[in-house]
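**Student:** I have a structure here, written as structure tokens, and I will follow up with some questions on it.
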Amino acid sequence: MGQVPSRRFSLFDRRSWPEARRIAEILRREAIGGGLLLAATVLALGWANSPWSESYQSMLSYQLGPSWAHLDLTLAQWAADGLLAIFFFVAGLELKREFIAGDLRDPRRAAVPVLAACGGVAVPAVLYALVNVGGDASAGWAIPTATDIAFALAVLAVIGRHLPSGLRTFLLTLAVVDDLLAIVIIAVVYTRHLSILPLLGALVPLALFTLLVQRRVRSWWLLLPLAAATWTLVHASGVHATVAGVLLGFAVPVLRGTRAGGPEAGPGLAEHFEHRWRPLSAGVAVPIFAFFSAGVTVDGLSGLSAALSDRAALGVVLGLVVGKPLGIMAATFLVARFTRATLDDGLTWTDVLGLAVLAGIGFTVSLLIGELAFGSGSARDDHVKIAVLTGSLLAALLAAVVLRLRNRVYRRLQEAETADRDHDGIPDVYQDLHRSSPRPWG
């Protein structure tokens, strides 16, 4: 008797219809946020390179806040430490949901985006380190490891509107894991000093916040003061204050408890909070941070050349444009090789390359890590900002070229994905999903 052939599974398998709709809504909001992020960046660069650049710098250094709480911060610091805490709160909500009820709850499904994200962090970091061997810029190794999903989706909205849902889901999940790795790096690597008492004190409001949300309390007059107290104490401890946002996000339950009717009674509080806070994060917090962080004086082509001649800047550009796609491609290929996974019909490795290059758009978190590594406003931080902008622009242009070449194929695949012959509001491919999809990794 002949051997039964091994079952293969898809690298980018299609999810359920409700999950596909949820992801589509997230992508739509992030794409809008990406447009606002781009506008804020252009405005900051224009102002910083105008005859009125001194007023921009004065605004950045304007201080406000209570000195008794050590919160007399500049506007730029409030944007980085305060507003980005909202971004990381939403990231925490999304991470927990993915681990409890999303793609990352199944190790077999999670393997592709998790390993791809790890490759996309490790290779740029190694490449940066090699460029800066023996130099004084080794602290910036983590700068080119981040992916800015909002910017990436803004690019997709222009050149890849017909991208198949499996590829979109892969990009989003990869970015979620990327955020988790960035959070760990910021907390572990870029904590300069640690004060134990404030850190222990932060556990009290965090525990009260957790207790309330576990009981499905939504009253913001109760939750916001506890969140603010947690943020203040984490900030005072020396750990970057954005970590408080992640911890608060992790505290929110994903599934309803039995007292609230169980998971069958509807979405948990995490989805409710994510729906409320994502527009504020993508549409307000991140663009304002970009406005305060991206405004660097370039001084023409000579200034651009001088900035990019800095080995730190060169390492960032190479990490984003070369290291990021190389790491993602290598990890994804190895997963496919060792698990005998296949690409969906109509897809090729060129499509994976397009997404891997797109993931080289590292902006928000890259700028934040640059400030933590070299100090906000320092000459090297300015060089890094120019490098992040240059590398992200190059990655966007290269991804646009690759994905544009495949747009006709994507249009055909999207037509097949959206076909609804029985007119019941659910595309046929999602109704057939449970009958046609093999179990992954047997």
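Every residue, even glycine, has its Cβ placed from backbone N, Cα and C.
Residues annotated as transmembrane segment in Swiss-Prot, with sequence analysis given as evidence: 32-52, 73-93, 111-131, 139-159, 170-190, 193-213, 234-254, 284-304, 316-336, 352-372, 383-403. Per Swiss-Prot, compositional bias 'Basic and acidic residues' is recorded for 423-435. Among the features that Swiss-Prot reports, region 'Disordered' is placed at 423-442.
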**Student:** Give me the stretch from 111-131, 193-213, 234-254, 316-336, 352-372 with the greatest number of Cβ pairs under 8 Å to the transmembrane segment (284-304).
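**Tutor:** Per the Cβ count, the answer is 352-372.
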**Student:** Which stretch from 32-52, 111-131, 316-336, 352-372 shares the most C-beta pairs under 8 Å with the transmembrane segment (170-190)?
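**Tutor:** It is 111-131, which has the most Cβ pairs under 8 Å.
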**Student:** Any contact between the transmembrane segment (111-131) and the transmembrane segment (139-159), i.e. 3 or more CB pairs below 8 Å with pairs at least 6 residues apart?
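**Tutor:** Yes, these stretches are in contact.
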**Student:** Is the transmembrane segment (316-336) packed against any residues at least 6 beyond its ends, judged by a Cβ distance under 8 Å, and which are they?
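**Tutor:** Residues 11, 111-112, 115-128, 131, 140, 143-145, 147, 174, 308, 342-343, 349, 352-353, 355-357, 359-362, 366, 370, 384, 387-388, 390-392, 394-395, 398 contact the transmembrane segment (316-336) from elsewhere in the chain.
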**Student:** Look over the recorded stretches 73-93, 139-159, 234-254, 383-403 and say which has the most C-beta pairs under 8 A to the transmembrane segment (32-52).
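**Tutor:** Of the candidates 73-93, 139-159, 234-254, 383-403, 139-159 scores highest.
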**Student:** With the transmembrane segment (234-254) as the reference, which stretch in 73-93, 139-159, 193-213, 352-372, 383-403 has the largest tally of C-beta pairs below 8 Å?
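**Tutor:** Of the candidates 73-93, 139-159, 193-213, 352-372, 383-403, 73-93 scores highest.
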**Student:** Against which stretches of its own chain does the transmembrane segment (139-159) lie, if we need a Cβ under 8 Å and a gap of at least six residues from its ends?
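**Tutor:** Residues 27, 30-31, 33-35, 37-38, 120-121, 124-125, 127-129, 132, 168, 171-172, 174-175, 178, 181-182, 185, 189-190, 282, 286, 312, 315-320, 323-324, 358-366, 369-370, 373-374, 380, 384, 387-388, 391-392, 396, 399-400, 403-404, 407.
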